[in-house]
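**Q** Right, I'll just put the structure down here and ask away after.
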């Protein structure tokens, strides 16, 4: 008699065996790497990388830099710095993560002496992640506030003070008085003139610029900003709720790791382009738009600016930070690629997309600002802003003057939301990837609790940034953590991989993935990796040290303890570089010279993660999947691949 077939609902255990396991649900059946998982599709990876690279800076920093550095002329140093600094580092990090299938800390099995560089990258990413989600919370608040028939910052209201005005305000004027029968003309405060029913003499008025309604709304309503960092105040409850919502969105998108975030980015990475196109089309139809675009990249371009070193420094700095190199995220995201993926073409696509997006965003921004300048009777130079002032003061002010202002405001802030979210996805993935590499068994069983736990801890740490002094904290972290630490990590990354591990050896590793290339293909990359890119990064680092100034927010200086805290944050991030180097040297054997030499050799478990990809060069490497060898081993006796 034939064996009875079991009903389908009895086959759940059998199905689990086929598809990795219920504990390891972030790994798909067809994944090449059944331990860590891979991207479901190539497009998941590309959109995640584009979303990570294209962030808020592309919208609120690049257009202003272009305008202030000669307009269209700025694109020349920008393109040159992309080729000399941005793309070489981007390609290197993508290749590094993909080759070893490891995150930014464990990937330093390539050079155990420099493992602290990876820790520095992750710590800086953590600090930046804390305040970056606060900016997303600001965007959420403004988006919700826009769901009204009239934007709340369109006019001065009960929350504003006497300085709220779109036109200059009279502060003093001359009045005619009679004293003991003698007529006198004296200068008085305008408030005194009004109280005493005097009239200003025509032409005697002294003016000061008024504060736009959008500026007072930002400071008095949205932030409830205190007088300085010394005055913490209370937690602004609606910003705290928006921050919580932002973290809930991030946690929900990452609960299955790259398997879930790789689907969400189809919306978060592509939607900003739709909004930018809509804003550009709308802006181009407005009166004065052509003047704004002319200031941005047209007839106002000043090629004499190319003689100024500041312009080249700004171009290099913008490229370096906008591509998100040396943050650890590129290594983390690339570690989930299949081994034979063409990371070279990916690097080209993402870098070009990032730069073209910056240029495109500038047209959308300046067309609207040109219209704002036109209706207010000002020059474009008087209304253009950068950073927070552009996103939450200048642009909202311009949108408030448009017919259907709430609709355009909702679109704009929803775009900022999506721009921030996919950058945040990659930053959190950097943290969870680091945990996964260090504790793989724990991560398989507890990916969801660990991911949500990270989000919860970072939310709690971010609450200080939604107090009445929150904006000062945001600016402080950005000023210290998102600067020198990243430059130091990038310089040491190049020195370690190219000069110590060996640029030629790294090229051989890369060719195992993308195939052998002719010598002329690598000529450019060798020139950049060995000489040009390190020199540029060192020059930027020295320049930033020379140009360092105490942080301030507007005209408000930071207290001494705030500056000291900023230095403590950056020292905490980079101190792990010497600490880990000392630990590795202590773990090694022999005299100090022998220990140093052994620490500069790859660990015994460095190489392709899967045995099928190791070939002759890595046939003797220790299997990284074995628990005993998962941690970076003592480097004495490390194998040096031929």
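Cβ from N, Cα, C; glycine included.
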**Q** Between 201-221, 285-305, 348-368, 369-389, which stretch does Swiss-Prot give the note transmembrane segment?
**A** 348-368
**Q** According to Swiss-Prot, which stretch among 480-500, 501-521, 585-605, 606-626 corresponds to the feature transmembrane segment?
**A** 480-500
**Q** Kindly point out the range from 164-184, 563-583 that Swiss-Prot annotates with transmembrane segment.
**A** 563-583
**Q** Does the chain bring the transmembrane segment (110-130) near the transmembrane segment (528-548), so that three or more CB pairs sit under 8 Å (pairs 6 or more apart in sequence)?
**A** no
**Q** On a count of neighbouring CB atoms within 10 A, which of the glycosylation sites 155, 163, 174, 230 is highest?
**A** 174
**Q** At a 10 Å cut-off from the C-beta of residue 202 (N-linked glycosylation site), count the other C-beta atoms across all protein chains.
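**A** Counting Cβ neighbours of residue 202 (N-linked glycosylation site) within 10 Å gives 8.
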**Q** Between the transmembrane segment (528-548) and the transmembrane segment (72-92), are there at least three Cβ pairs closer than 8 Å, leaving out pairs fewer than 6 positions apart?
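**A** These two stretches do touch.
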**Q** Okay, the transmembrane segment (450-477) and the transmembrane segment (261-281): do they have at least three CB pairs under 8 Å, pairs separated by 6 or more?
**A** no
**Q** What parts of the chain pack near the transmembrane segment (315-335), using Cβ distances under 8 Å and only residues at least 6 beyond its ends?
**A** 36, 45, 48-49, 52-55, 57-58, 61-62, 65, 69, 74, 77-78, 80-82, 85-86, 89-90, 93-98, 100-105, 107, 118, 121-122, 124-125, 128, 258, 343, 351, 354-355, 358, 423, 426-427, 429-430, 433-434, 482, 486-487, 489-490, 493, 536-537, 539-540
**Q** Tell me the residue counts in helix, strand and coil for the topological domain 'Extracellular' (131-234), as DSSP assigns them.
**A** 31 helix, 24 strand, 49 coil
